[in-house]
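J.: Please read through the structure below; I'll follow up with questions.
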Amino acid sequence: MSKVFTLNSDFKPAGDQPEAIRRLKEGLEDGLAHQTLLGVTGSGKTFTIANVIADLNRPTMMLAPNKTLAAQLYGEMKEFFPDNAVEYFVSYYDYYQPEAYVPSSDTFIEKDASVNEHIEQMRLSATKALLERRDVIVVASVSAIYGLGDPDLYLKMMLHLTQGMLIDQRAILRRLAELQYSRNDQAFQRGTFRVRGEVIDIFPAESDEIALRVELFDEEVERLSLFDPLTGHVLQTVPRYTIYPKTHYVTPRERILQAMEDIKVELADRRKVLLANDKLVEEQRLSQRTQFDLEMMNELGYCSGIENYSRYLSGRGPGEPPPTLFDYLPADGLLVIDESHVTVPQIGGMYRGDRARKETLVEYGFRLPSALDNRPMKFEEFEALAPQTIYVSATPGNYELEKSGGEVIDQVVRPTGLLDPLIEVRPVATQVDDLLSEIRQRAAVNERVLVTTLTKRMAEDLTEYLEEHGERVRYLHSDIDTVERVEIIRDLRLGEFDVLVGINLLREGLDMPEVSLVAILDADKEGFLRSERSLIQTIGRAARNLRGKAILYGDKITPSMAKAIGETERRREKQEAYNTEHGIVPQGLNKKISDILQLGQPTNRGKGRGNRKAAEPAARYELMTPKALELKIRELESKMLTHAQNLEFEEAAALRDELQALRAQFIAAS
């Protein structure tokens with residue numbers, strides 16, 4: 001029997017969690033396609049989902065709206081399931097500029113991208129786990145709806161080696177080259193192999209710490225063993241091993257040759273259309289670019305921008321959806337959409353933006369019309385492909401509610417007994433002076449305040465005003481990158497300052513138990529930032545503090561305010577009733593401040609590791625930008641390989657441990 005999920009936690013489900021777990025499981029077992037979990041801030045939604053996954057033993061994909069929340073989810077799931085395959089699948093681009101054409105200025109912008117190798121390795125590891133195991137949780141961003149290599153071709157290209165099989169060395173090396181592995185007898189790194197006599201060492205593309213040694217005797221595989229690529233220490237011998245391609249986009253030679261013929265046919269048809277419309281420049285440009293791509297594909301098996309021919313390479317018809325990560329998920333897989341009120345609209349919006357850019361490229365002769373089929377999934381295609389789905393949000397959107405038939409599974413009662421914040425509505429006329437008074441009360445007892453305004457100008461003016469009156473205040477705006485944002489949140493929690501002012505301020509995501517007051521200025525101005533869901537999410541930022549309170553400044557109560565206040569009061573009444581019935585005294589959360597910084601730390605799965613760790617140096621890297629972290633990772637990798645080549649294995653192993661901590665920090669930062 002395949003391995004089951006083993007949930008590792010010191011806690012048992014409490015509050016509304018047992019009932020939510022029971023109802024979700026029953027719904028899934030009864031075949032419900034859509035369920036919605038309405039879980040308030042701090043109610044343990046992730047723990048509830050972890051229990052459902054563990055009980056049902058089904059491979060699961062969890063979608064998050066951005067890399068920060070994906071890294072946070074990945075870290076939490078790693079802790080809950082240390083013995084199972086918890087994988088991370090987000091965009092592997094540190095920087096990405098798609099090709100585009102601006103007709104007004106006759107400017108063509110070439111594609112420019114920087115790929116992060118470590119995240120590429122984690123993506124390959126995720127698809128391998130989905131193909132090989134049942135106990136898999138893949139935490140992904142919306143990157144999951146973008147085109148990926150066809151799983152059928154990917155499986156056909158795999159190289160299976162078993163002990164005792166008859167195969168000569170040349171055949172193995174030829175197959176490795178087809179999988180896009182490169183031979184490197186000097187620097188042994190991911191996606192390479194080396195040959196020493198009748199021994200072939202292969203460093204799998206999806207692995208970060210284990211390599212394969214193939215020992216041949218004449219034309220027979222005598223032994224297969226896994227070893228540490230750094231120290232050369234053999235970890236175990238295995239009866240069989242499967243080597244996966246170095247990239248998801250690998251294609252057999254015969255398919256490439258067939259694709260080239262199809263591209264030539266389309267090019268001839270498109271040239272006729274352009275010439276018939278007197279588009280001579282466009283016709284010449286298209287012919288030149290496409291012929292160059294065809295020559296590259298013939299010689300090398302790929303070309304720059306080969307993804308624009310993906311329709312032919314995967315054998316799809318015009319308009320058919322591209323293969324994506326969803327095609328790798330087993331038929332009985334489970335989909336969990338976190339912060340669904342944000343993630344679902346994101347999925348729907350990806351296709352149109354991509355389409356508009358590509359139509360311009362096709363119209364002006366930079367690409368063939370088939371390039372339009374290199375795209376993310378349409379929303380309808382996502383709906384058709386999605387397995388049984390659980391939507392998770394404190395404020396579910398209309399789509400989720402409609403799909404769930406209006407039924408939501410409430411998770412309102414927190415295991416800690418904490419109540420939703422008290423809400424007060426106060427007049428706008430005196431909002432700034434009233435806020436100053438409230439801030440001083442909170443600062444005196446070492447509590448923090450979040451203030452949300454409607455405009456950037458007002459946020460700047462308010463910050464300046466509070467500073468003039470001696471308050472320790474910072475302003476969070478859109479120009480601040482993810483890493484700096486995490487630093488600001490940490491400084492707020494540490495008490496470096498007392499007030500954080502923003503516009504669309506921290507609605508979903510990182511939580512701060514020290515915040516006891518949320519002030520919403522101009523709450524009576526209906527709009528995107530003052531909608532019912534925005535107000536509930538913002539009010540929820542004070543829900544982890546015993547003295548949590550929200551002040552809405554407005555001269556009238558708008559429909560959105562009325563709904564947000566009504567929903568918060570409903571939750572608070574239910575929480576109070578539960579606490580009274582069970583004799584629970586609310587307890588404030590004491591979340592460690594380091595928790596929000598060390599997101600997605602991979603567990604050390606290696607065997608025979610030394611006790612020397614590199615946590616102390618890693619602490620220095622917390623404030624570095626993703627680019628600086630990447631440069632540091634490359635520098636340490638180079639030093640590590642030098643130590644290994646000089647047989648200084650202790651120093652190399654110490655650097656390897658430091659690299660693991662650095663890579664985890666990089667995931668959190670990017």
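Glycine residues also receive a Cβ, built from the backbone N, Cα and C atoms like all the rest.
Below are the features listed in Swiss-Prot for this protein:
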BINDING   GLY39, VAL40, THR41, GLY42, SER43, GLY44, LYS45, THR46  ATP binding site
DOMAIN    26-183  domain 'Helicase ATP-binding'
DOMAIN    431-597  domain 'Helicase C-terminal'
DOMAIN    630-665  domain 'UVR'
MOTIF     92-115  motif 'Beta-hairpin'
J.: Sequence gap of 6 or more, Cβ distance under 8 Å: name the residues on the same chain that satisfy this around GLY44 (ATP binding site), in order along the sequence.
T.: GLY15, GLN17, GLN411, ARG414, PRO415
J.: Under a three-state reduction of DSSP output, how is SER43 (ATP binding site) classified: helix, strand, or coil?
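T.: In three-state terms, SER43 (ATP binding site) counts as coil.
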J.: Within 10 angstroms of the C-beta of LYS45 (ATP binding site), what count of other C-beta atoms is obtained when all protein chains are considered?
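T.: There are 22 such Cβ atoms around LYS45 (ATP binding site).
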J.: Restricting to the domain 'UVR' (630-665), what is the model's mean pLDDT?
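T.: Here the predicted model's pLDDT, averaged over the domain 'UVR' (630-665), is 78.
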J.: Determine, for the ATP site, the additional residues of the same chain whose CB lies within 8 Å of the mean position of the CB atoms of GLY39, VAL40, THR41, GLY42, SER43, GLY44, LYS45, THR46; present them in sequence order.
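T.: Sorted by sequence, the hits are THR48, ALA394, GLN411, ARG414.
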J.: Using a 10 Å cut-off on CB atoms, tell me which of the binding-site residues THR41, SER43 is the least crowded.
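T.: Minimum Cβ neighbour count within 10 Å, taken over the binding-site residues THR41, SER43, occurs at THR41.
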J.: Based on DSSP, tally up the residues of the motif 'Beta-hairpin' (92-115) by helix, strand and coil.
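T.: Going through the motif 'Beta-hairpin' (92-115) residue by residue, I get 3 helix, 15 strand, 6 coil.
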J.: How many neighbouring Cβ atoms, not counting its own, are there within 10 Å of the Cβ of GLY39 (ATP binding site)?
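T.: For GLY39 (ATP binding site), the count of other Cβ atoms within 10 Å is 26.
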J.: Give the number of CB atoms, excluding that of VAL40 (ATP binding site) itself, located within 10 Å of its CB.
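T.: That number is 26.
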J.: Let me know how many other Cβ atoms fall within 10 Å of the Cβ of THR46 (ATP binding site).
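T.: So the number of other Cβ atoms within 10 Å of THR46 (ATP binding site) is 19.
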J.: Per DSSP, how many helix, strand and coil residues does the domain 'UVR' (630-665) have?
T.: 33 helix, 0 strand, 3 coil
